Amino acid sequence: MSTHHVFVYGSLKKGQPNHHELLNSNNGQAEFITCAQTKEPYPLVIATKHNIPFLLNVPGSGKQVSGEIYSVDQKMLEFLDWFEKCPDWYQRTSIQLEILKGNGESGRIEEASVYSKINFEPDWLNKPTHESYDTNGDHGLKFVCREDRKDD
């Protein structure tokens with residue numbers, strides 16, 4: 001069985017509103033591997049009226065972003081592509097990550113796929129950037145789940 005490593009930094013992380021999608025075996029299989037951060041800084045911004053976290057594909061700008069690496073099967077990868085509206089909304093690209101903890105491997109560099117934005121509103125680059133995302137964070141911008149959105 002072919003597996004893929006995927007880095008999640010927003011609503012799919014443990015404790016966040018969409019994490020249940022990774023746990024739902026109807027979507028495929030996902031196994032938590034470890035915590036990591038981007039090797040390079042990237043802008044992690046919260047945008048749109050739904051307060052969605054976006055990793056903007058602008059390496060060298062912003063901050064090193066922390067998140068989680070999951071090993072997913074092909075079915076889950078296809079689900080995540082659908083869920084993230086890839087390639088129209090997010091684009092799945094490769095990213096270099098630094099392992100933060102786990103089995104004495106801190107500091108090791110790993111490559112994984114990430115859902116990031118290549119095309120975005122120019123003013124998003126002026127938004128505050130974050131090292132880590134939490135819907136209940138100090139930013140005060142609570143994520144609006146799809147089922148609670150009035151216009152989607």
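For all residues, glycine too, the Cβ spot is worked out from N, Cα and C.
Swiss-Prot lists Tyr9, Gly10, Ser11, Leu12 with the feature substrate binding site. As annotated by Swiss-Prot, active site, proton acceptor applies to Glu84.
The CA atom of Glu84 (active site, proton acceptor) is located 11 Å away from the CA atom of Leu12 (substrate binding site). A Cβ within 8 Å of the Cβ centre of Tyr9, Gly10, Ser11, Leu12, the residues given for substrate, is found for these other residues of the same chain: Val8, Lys13, Gln16, Asn18, Pro53, Gly67, Tyr133. Cβ contacts within 10 Å of Gly10 (substrate binding site), excluding its own Cβ and spanning all protein chains shown: 23.
All protein chains included, the residue listed as 'active site, proton acceptor' registers 17 other Cβ atoms within 10 Å of its own Cβ. Sequence-distant neighbours of Tyr9 (substrate binding site): residues of the same chain at least 6 apart with a C-beta under 8 Å from its C-beta are Leu44, Pro53, Leu55, Val65, Ser66, Gly67, Glu68, Val114, Ser132, Tyr133.
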